[in-house]
Amino acid sequence: MRATYLSIILYFLLLSLIKVTVEDDEFRFTIVDHNQTLNEKQETRSSVFTTEKVKTFSRGLSFSTEGMRTNSVPISTTEKVSSFADISMYSTEGMRTNSVPISTTEKVSSFADISMYSTEGMRTNSVPISTTEKVSSFADISMYSTEGEEAYSVPISTTERSPISSTDEGRTVAISEKVKRVSFPLTTAKDETTNVPASTSKGMETSTRESAVQKQWKKTEKIIKDSTRNIIRRLLPLIIRSGSDINVTSACLGSGFKFLTGIRRLKEWAIRMVDAAGKPPGGILTGTLTGFGSYDECVNIVASQNQKELFRGSYCTVDFRPPLPPKPRFYSINDKLKGLEEFQKEDDSFFRTVGAGNAQFFYFLSFRLGVCVPSTCERQDIENIATAVGKYIGLKASVPRCEVKEKLSFSTGQLAVIAVLGVFVALLITGTIVELFYSLWKDQPIQKQGLAVQLVSTFSIYTNSKNLFNTTSSAESLRALHGLKFFSMNWIILGHTYLFVNFQALRNLKKSTSFASDFAFQAISNGFVSVDTFFFVSGFLVIYTTLESVKKFSGRFNAFVFALHRYLRLTPTLLMISSLVLLLPLLGSGPIWHETLDPLVEGCRNWWWTNVLLLNNFIGEVHQKCMGYSWYLCCDMQLFLLSIFVIIPLLKDKLVIGVCVNVGLILLSILSIALITYFKDFPPVQLLINPDLSQQDEIVQVLYSKPYTHLGPYAIGMLLGYVYWKRRHLVFPKYVLVLGWLLATACNMAVVYGVYPWNNGTTPTLPITILYAATHRIAWTLGVAWVTMVCITGQGGIVNKILSWKCLIPLSRVTLEVYLLHPLLQWLYMASLHDKVYTSHYTAVYLYIGHLVIAYALAFACCLAFEAPFYRLQKLVLNRQYKEKEETKC
């Protein structure tokens, strides 16, 4: 609070010393000097003489800069002088301020409000004043000394028609306004001139009753009021003229004048509007481009007059961008824009080297300020004003959004979601009670009860939690797959911690450019292959579990039931979490709240049906989709259907056909990626050095989210699943184990860290680009396949012990929920920001740990509420209960 007051005081004090004029539609700032301009040749003094009757001398000011000497202003009159008011002298730190001798030749009524101010470290001296005739009174003459100063008394003497004598140079009068009248002892012509210390006078004793602190507050208040009135008085004509040139509604213009009136009167609500507005941030040259201001302070402002509400505070976001040449395709953050190359070579000013040298960032960033305006101003009003200001300074301006504080309200969709959640809560409670009643109280198996009881009991938290946290697996040898899923999911969350951010909300963003050149950071920036581990595991399990199930039980394969089982496994959880997205707007607010969450909410409100069909990776643009990152589930379902063409030949013992189909799918994946990369002129992979989100979205839309891109890893998983089903006890010789580990390690390291030169500015050739894009996922999956094979055959050593740790089994079972929930948590955090976040790895690590823990906690809750009940329900409805004890999912 003190810092805010101090900044406002210094701001208005500075403006009070500056004269603002408007010439040719431009501001002109000059130092105010109501006396005559000081002659440069004059060494120590300048005088103002009047030959006629003078009523008032008002606010005569003399200014000097640091290190200069400020001289006195002797004033003399030849006729009657009524008063001298507001004659002030200001001096900055380290200056010497001299006295102001005043002489008159006729009657003097009073001297009022003669003030001199001295700053810290100055010495304030006395002001001897003499008169030639009767003096009525001397009012409001006081002396102030700041910390470390020495204050002297004001001796006053009178003689019979003798001129007022001047004092020594180097003395300063410090006389305040609006203080009590002080009486000074005067001597007559018969008496000798006597110096009477002001500290001994009765009048000074009266004035000291008021504390010095209060005097300083009053003085500061008056300075601010006077300065504010002066500023508004001078700017008002410009505002009126500009208002006629800019298309602004009358309601907005009227509220603007009320706001100026509130500022002039120092109304709290008006000062709060100024305080809530964003200011240019420090560190612009290092990438701090946003001044959010105070969002909460703004939207909570209520402007009133005579207990009548005038308007409320409205928070508006204003973006400024410099003019830029056409955007290059997949430009690098280190590339200089071709349209500005000549401009940069002409001079070495920072505007050319730093400004134009980093102009490429403004393709996806902007200078952003949050402004607090009257709620009667519409967004278009503010955009018109911002456009006019931007045009004057050569920037393009836009106002994406203005918002006021609104009461909490619920839409129809939100009420429907809340009702459905209420039903699920009731089912969970009922199912738990029913199962406990029969299992524990009556000691009767649920399987022997009626269908209704069995249906309700599928929602039992008791049984579902036992199954979820059970650390025994149906296939003990496959426990390493749990570790692969768990660590791959953590890798995905870590990558999204760096990726799913609003770069506009970061401080010192320039520092993030160094991340790309960090060798170790390539494991995070090139972590996109982590999702292919999941496709590999999915392909492995679909072949192994299907062949094992058909062999062990019926020996028949029903493709429809096979596909329906998978659909019911994925869709209920996806739809329930998608519906929760509609409730996110109810959870908070902030300067980038709507900017971050509105596209997500609108996507789920308009495109939810693409998730029902599991086709959102083919329908709609990236920014339009409902939870666009759920493309993984759509790809998984689509690849699951393709696996039927591999399973059927294998079940009929047509191994050659099955293997040929599988290898054909791998080649089809490689060929499709190569052709798309060539014709679309894509980079080899999504590089950190290409930060433009619109261009990254194009890669996701055309390539990354499509099933043919991940068909190779999925097919390799199916092939390995069949090999393991046929040869479970395969044993490798030691030299094969050593060679296999070396090749697998080299292969995966080359995939992850092979992008290092490209992230440091080296442009890959076209053949290298196509080769890496088409084969790096295959190469990564081959390395993972080796690790999987040696672990599930018991030859993985310490790696197998880590991946097969029992504690990882429950964690791996909720990876589906973690995948769907963690981006929502990350976006919710970014949306709730009210100030900038410093760019550093430490910040990212703290956020990563927080997102990880919360995501898994919520994932367990969602699994017990949605996935586990539907999993048991589908088995019951489809009559797929096995004779042995119900097994948990792998």
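Note: Cβ is positioned from N, Cα and C throughout, glycine not excepted.
Curation does not apply to TrEMBL; its annotations are automatic.
Feature annotation from TrEMBL assigns compositional bias 'Polar residues' to 155-167. Residues or ranges marked as domain 'Nose resistant-to-fluoxetine protein N-terminal' by TrEMBL: 249-404. Per TrEMBL, signal peptide is recorded for 1-24. Taken from TrEMBL, the feature transmembrane segment covers 415-438, 486-503, 523-547, 567-587, 629-648, 655-679, 708-725, 737-758, 778-799, 811-830, 845-866.
The domain 'Nose resistant-to-fluoxetine protein N-terminal' (249-404) scores a mean pLDDT of 89 in the predicted structure. For the transmembrane segment (523-547), same-chain residues at least 6 beyond its ends with a Cβ under 8 Å from one of its own Cβ atoms are 478, 481, 484-485, 488, 491-492, 494-495, 498, 515-516, 557, 562, 632, 635-636, 639-640, 643, 646-647, 650-651, 685-688, 704, 710, 713-718, 720-722, 724-725, 751-753, 755, 759, 776-777, 780-781, 784-785, 788, 815, 890. If one looks beyond the transmembrane segment (811-830) by at least 6 residues along the same chain, the residues whose Cβ comes under 8 Å of a Cβ in the stretch are 468, 481-483, 485-486, 489, 492-493, 496-497, 500-502, 505, 534, 570, 573-574, 577, 580-581, 584, 587-588, 592, 596-597, 600, 627, 629-630, 632-633, 847, 851-852, 854-856, 858-860, 862-863, 867, 888-889. Sequence-distant neighbours of the transmembrane segment (845-866) (same chain, 6+ residues past either end, Cβ-Cβ under 8 Å): 424, 428, 461, 464-465, 468, 490, 493-494, 497, 572-573, 576-577, 810-811, 813-815, 817-818, 821-822, 825-826, 829. Between the transmembrane segment (629-648) and the stretches 415-438, 567-587, 708-725, Cβ pairs under 8 Å are most numerous for 708-725. Take the transmembrane segment (567-587) and the stretches 415-438, 486-503, 655-679, 708-725, 737-758: counting Cβ pairs under 8 Å, 415-438 has the most.
Of the candidate ranges 415-438, 486-503, 655-679, 737-758, 655-679 contributes the most Cβ pairs within a distance under 8 Å of the transmembrane segment (708-725).
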